[in-house]
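Single-structure report; data block below.
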Amino acid sequence: MVEEGVRVVRCGGSRLNFRRAVFSVDSKYIFCVSGDFVKVYSTTTEECVHILHGHTDLVSGILVNPSNHLQLYSCSFDGTIKLWDYVDGILIKTFTIGPKLHAFFIPLHAEDSVFLTISKEEPDIFQLVSVKLPKSTSQDVEARQLTFVLDYINRSPKCIAFGNEGEYVAAVRDFYLSVYFFKKKKTCNFTLPSTKNKKNAKNKFTCVACHPKEDCIASGHMDGKIRLWRNFHSDQKYTYTCLHWHHDMVMDLAFTVTGTSLLSGGRECVLVEWRDGSEKNKEFLPRLGSSIEHISVSPAGDLFCTSHSDNKITVIHRNLDASAVIQGLVKDRSISTGLMVDPRTKALVLNGKPGHLQFYSLQGDKQLYNLDIIQQEYINDEGLTQTELTKAAFGCSGTWLATVEQRQENENELELQMKLWNYSKKTQGFVLNTKIAMPHDDHITALCFNNAESYEKPILVTASRDGHFKVWILTDDSDIYKKAIAWTCDFVGSYHKYQATNCCFSEDGSLLAVSFEEIVTIWDSQTWELKCTFCQRAGKIRHLCFGRLTCSKYLLGTTDNGILCCWNLLSCSIQWSAKLNVRVMEPDPYSDHVAAVAQSSAGSDLFVFKPSEPRPLYIQKNVSREEVQWGVFVPRDVPESFTSETHQWLNRSQFYFLTKSQSLLTFSTKSPEEKLTPTSKQLLAEESLPTTPFSFILGKHRQQQGAKLTETSENELVQLPLTENIPAITELLHTPAHVLPSASFLCSLFVNSLLLSKETKSAEEVPDDVDMEGNKESDDSDEEYDLTEKDKETNNNTDLGEDAIHQLSKSEEKELRKFRKVDYSWLTAL
């Protein structure tokens, strides 16, 4: 087979909450930025319908085209504005602006002009400019003529708003509010007190929103207050009123379409609706899960949506009832558990919300569910010391899950708990089995299960800074009836009071390797006797893993000083070593390959090798500009068939890695979106739409029609081809009219697709309904004659040979007479 080059692709994990989400005009779709992609979701099914990719840097703004509601604009840090057909996921046009674009606005009555936030030459200084997008038939258009509007603004789009149908624009930064009137070409500036006393220290502006119909500006502040500004046409006569409910900073504001209500959100995880600008008349939607960062309103006014700090988008009905949740990969402060794979669901498992493990589908790029480990109510307070989930590991094909949580207010007060969870087939989830308080006297640095199939009972090993590693086994004597099972400590090991840093089992489970700072110890898992030690004196051991399959006799280790070592367990000596600053080392559980990601001055480099050979099989430089923190091999549902030795490591597993900014990347030959044609994307979109009464009736009709066709085909000599299976007709019916070629070009293709091929035999005895009534007597009278004619034709065919094949029977002549009566004059109209 012809193999394509392996390249790094973003497979998910990008921030969905980087900018405000945008609704389509009919509220069927919601658009959100996701790294350098734009994702199109269904508001009812929560499924991703399309992924719009074409930008080379982060997408910083999206808006529906006011001139064509089936099109979407997007701007990016790459300095371009792209116009999309979001129904089919097609890029229509690219406008090259030049500078880095931070925000994007299209007010009413803009007349092909858009407003952009760009950076000046000075750091942290931004401008609001306008640019006219020229009308051109070319797909790549340059629009570099920028018109200055406002200076010294905040780059966040939440700090700029257009009001009263685009008559003015309001911008806030620090303690200043600026209002620019387009007709008057005048700017009014307003300032709040900014003294250092406690009363005025939190007057700083955080966001702004403008009333769609009236001259009213709403601003949010650090102290949780909302100010409604009026009479701001003059610097002296302005007034404002205060609304106060939030105890912390107001994160975002949004007016409804009619302007009768104002929506606000903050760190309280509560959406507040202020009706008629009154503090007494407000409604709440509480317990949204995490801080609200953005608020959006649909053009029809029937839906709201909130973007949250845990990379989640919540779709809300007008009556403040949450209807859908689009959950991305949760961005935790630190991924201390690393990347794991659930053996049952093949989902990616890592830290999620505080105190939770998230199970994330790599195929669907969405969260499956959260597992609450700490089981405590989370209090959003920066000064409060939270209980953190630090370690986790799966064992026994996903039957057991071990987690470690800790809380430490100071160096001398450490709260440590280890929990063992058992998978319940009845509840289809993990149930807490054993909770162990203070399993070690210091922080737990590593834990691992013995997953060898030869061992009937599971074994868990934990390593700690207290200088010990402990072996935990499952016992059934936790009560007098011996019906309950629980985990208990079976063995405690140490080595010269060094801190234990890593631990891992061999593939067959017979050996346990535990690293104590710079020394690696090998233990017999049956008797827990120390077999041998390896001392490389090249720094503390950072990673430790055994080889697999043909390389099971090797042990790999990396050090803090940038040394990669390979030891031979049979000869108890070092096999080879290399100078490599390895940050991530992961063995493939389904092959003998090992992936190592090393940090260099230019970025992160990938090395794939076998422990038996010091020469790497595959090297790819600069897989990421930033540091790679975690990696994991995920088994494929359908194995690949790469024949090249450099690509065989991708056959059974796929390597995923997580960067410092928590972007999830992988290696592939082709992205999933590139494998889809526009027609198949449209079909996918239709399949993701909800089942309506009409579609239910239509589906039953199609099933009945298909059953009739099946019954008819059993009695017919030949079945006519169905139009659903003809590519030309499918393409014509499912492609939007505005992207189709001219009718004259499609006519010949469409008509030819309806014609029968030469190889298809004509049906002999399938009369029409009309013909059954009109020619009933004729068929009866000619039945005997047809049989006689067929006998004669059979005898003549024997004598005449091929010449007899071209003679027509009586029934065939009748079929031809039917076709002569058909009116084909409609073809001339095309």
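Each residue, glycine too, has its Cβ placed from N, Cα and C.
Swiss-Prot lists Lys426 (among others) with the feature SUMO2 cross-link. Lys426 (SUMO2 cross-link): 6 other CB atoms within 10 A of its CB, across all protein chains. Under the DSSP three-state reduction, Lys426 (SUMO2 cross-link) is assigned to coil, being neither helix nor strand.
If you look up Swiss-Prot, you'll see Lys675 (among others) marked as SUMO2 cross-link, on the strength of similarity to another entry.
Summarising the annotation, Swiss-Prot assigns phosphoserine to Ser663 (among others). Residue density at Ser663 (phosphoserine): 19 other Cβ atoms are found within 10 A of its Cβ, drawing on all protein chains shown. Secondary structure from DSSP puts Ser663 (phosphoserine) in coil.
Sequence annotations record features per position, and here Swiss-Prot assigns phosphoserine to Ser671 (among others) based on similarity to another entry.
Residues annotated as phosphoserine in Swiss-Prot, with a large-scale study or a structure entry given as evidence: Ser778 (among others).
Here Swiss-Prot flags Ser781 (among others) as phosphoserine, drawing on a large-scale study or a structure entry.
Annotation comment: Swiss-Prot describes Ser811 (among others) as phosphoserine. For the recorded site, Ser811 (phosphoserine), the DSSP three-state label reads helix.
Annotated region 'Disordered' per Swiss-Prot: 761-807, in sequence order.
Here the repeat 'WD 1' (4-42) has long-range neighbours at 48-53, 55-64, 69, 72, 74, 76, 78, 84, 86, 89, 157-158, 252, 293-300, 302-303, 305, 307-309, 311-313, 315, 326, 328-329, 331, 360, 362, 365, 618, 620, 623-624, 647, 650, 656, 658, 662-671, 685, 688-689, meaning same-chain residues at least 6 beyond its ends whose C-beta is under 8 angstroms from one of its own. According to Swiss-Prot, the repeat 'WD 1' annotation covers 4-42, on the basis of sequence analysis.
Taking the repeat 'WD 3' (89-130) as a whole, pLDDT averages 88 in the prediction. Residues or ranges marked as repeat 'WD 3' in Swiss-Prot: 89-130.
Under the heading repeat 'WD 5', Swiss-Prot lists 192-230, citing sequence analysis as support.
Residues or ranges marked as repeat 'WD 7' in Swiss-Prot (evidence: sequence analysis): 278-317. Cβ atoms under 8 Å from those of the repeat 'WD 7' (278-317) belong to residues 15-17, 19-23, 25-27, 30, 32, 41, 43, 64, 158, 243-245, 251-258, 263-272, 323-331, 352-353, 380 of the same chain, restricted to positions at least 6 beyond its ends.
Per Swiss-Prot, the feature repeat 'WD 9' maps to 375-422.
The repeat 'WD 11' feature in Swiss-Prot is assigned to 486-524; the stated evidence is sequence analysis.
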Same chain, outside the repeat 'WD 3' (89-130) by at least 6, Cβ under 8 Å from its Cβ: which residues?
40, 50-52, 54, 60-63, 66, 71, 73-83, 136, 138-144, 146-157, 160, 162, 165-166, 169, 171, 673, 678, 681, 739
How does the repeat 'WD 7' (278-317) divide up by DSSP, counting helix, then strand, then coil residues?
0 helix, 22 strand, 18 coil
Expressed to the nearest Å, what is the distance separating Ser663 (phosphoserine) and Ser811 (phosphoserine) at their Cα atoms?
71
With every protein chain in view, what's the tally of Cβ atoms within 10 Å of the Cβ of Ser811 (phosphoserine), excluding that atom itself?
16
Between Ser811 (phosphoserine) and Lys426 (SUMO2 cross-link), the C-alpha gap once rounded to whole angstrom:
66
